[in-house]
């Protein structure tokens, strides 16, 4: 063998050994951690957004101290207050009047005084009532004024107050006392002595104003799982309207299609063999219907969304900025998420975007189910927005924000990490085109969206509230329903009202109906409502007069009055409805924002129903009214327990006033009918259970504003698409060759209950 050949082989061998050593040394080594780049400073707010800010815990404490020292009455902590006591029910921020806020934000005026709204239950008075006070100025209160009559036209009767946690505890004590009167029945029907049965409230509470009589449905309670799918067939009607708990009583009992005056009568009927009892074994934790415990060990991790160079949005106080967007966020403890002063490219698009109410209306052939119309604002949509689970409820690397509230206690509480903000890659082009004619090129833009999310757990249901902001200038609002279905005990013709989903479980049909307030300010406060839709006209062919053609044309209309702008639920509605500015864009069209609704609502409660006026907002898929400071919300927390004489009637807002060049509000209803089925066990999935609406620019700009996005991609056949300078996508491999920094997983959502 020649010496030259030997040397070549030796060099190759050494190179191979070196390569193997490198592989062995680097194998298993984690990639470098992503280095966050400093964000561009978009926010020039300078603290102005704090005019909308939720109260801090310190401010809540100051309001409580002020009320305790200045009302001249004894106040009992609501967590232990009896109906015959006085107590502070809640404290929230009092958002200043819009005119004051705009003078401050836009006109250089003084900052409005910071105030709180306190709701008090006065049970220890000759005329028990609910009173609302505005307290200010914060942080050191010096005055309070009663605004109840100003807001509602009169006093709020005491029976309209929401039920407190203490009241539920006292009701549960009464029910347990009554259950002890039927020991043999309970042992036979449910293998129970009553103490292990879970109790679920219904609402409203009676049939007329002044009633406070509630059906409670009993279920097998198994720790660590949802009891809502395990009804035992027993329901009890409790009268709890008296100021004195000792006067409350169990008024009626229902079991398996029969009604009894008391638990004693039910026991007597059982002992006398006059009652058909369905014997239900006590469920075991591992086999209970609706268990969410994993059935298999964890698999390999799925895809992970992260920002290789850190978040591209910024958060300062209660304001978020992201690629031209700026949004002020907050949380009403009753009605839930609320956004203010939404701007794009420095121009205000929306003054207020807020959730108003969530209705769940049920059916059943059992009394509890058939009488249930939950108005979740009365329970507390914002208050029950608990901590989000990192990596499941929101992306692992999202930003998590605490929310504070004061309700049914004199001490503020914190739902930590209960609101999340993240940029979402939808894995879908926002826009794109591949050109295969004349010239060859590709252009597009990824659909990346800023998302603000909270999730409320209202007894059995979980509502996921999303507010999304697109680079096209569009705002998207969505709600998804998940959690457990509510159920009734299956008996008789139960399947006329739902589907059987378990041995003795009827998944009861119900509708979800959600209401939003959208105070659009499109290129200023003064807007008009315009509609556009397609119609056909029969015309002769211009090139062939003996033939005709059905030509689509655009029908444009400007609606003049509120009655025209109230579109009934499930009725035809123009496909383009827009808030229009009097100012044109470059092409001569009014600068506008279009409202586009995605909803599959069921039938609204008939207007002949004595409680329909309390949810009259549900009559309309969209209603546009003139904005009035005295019409801040479409409903009231007091409507739940007195829907027969509602405190606020939304239908009264629509009184045929002119809506041309006025400050207008869009009230939007979305919903869907849910007929539970086998696949709702263990609980309801979000797939197909999402509804919402878009606010989309319509001639507001002169072109799609996303053309200015730095994420845009364009390359032609004459370019090297793999070159970083020609195609930003080619820059990704070196730019993201790092591992995301994941904070340790922590969850404290059970600590504050």
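Cβ atoms here come from the backbone N, Cα and C positions, even for glycine.
Caution: TrEMBL annotation is automatic and unverified by curators.
Annotation comment: TrEMBL describes 376 as active site, proton acceptor. Residues or ranges marked as active site, schiff-base intermediate with substrate in TrEMBL: 461. Among the features that TrEMBL reports, domain 'Copper amine oxidase N3-terminal' is placed at 161-257. According to TrEMBL, the domain 'Copper amine oxidase catalytic' annotation covers 305-706. The 2',4',5'-topaquinone annotation in TrEMBL covers 461. Residues or ranges marked as signal peptide by TrEMBL: 1-19.
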In whole Å, note down how far the CA of the residue listed as 'active site, proton acceptor' lies from the CA of residue 461 (active site, schiff-base intermediate with substrate).
10
Within the domain 'Copper amine oxidase N3-terminal' (161-257) only, compute the mean pLDDT.
97
For the domain 'Copper amine oxidase N3-terminal' (161-257), give the DSSP counts of helix residues, strand residues and coil residues.
29 helix, 29 strand, 39 coil
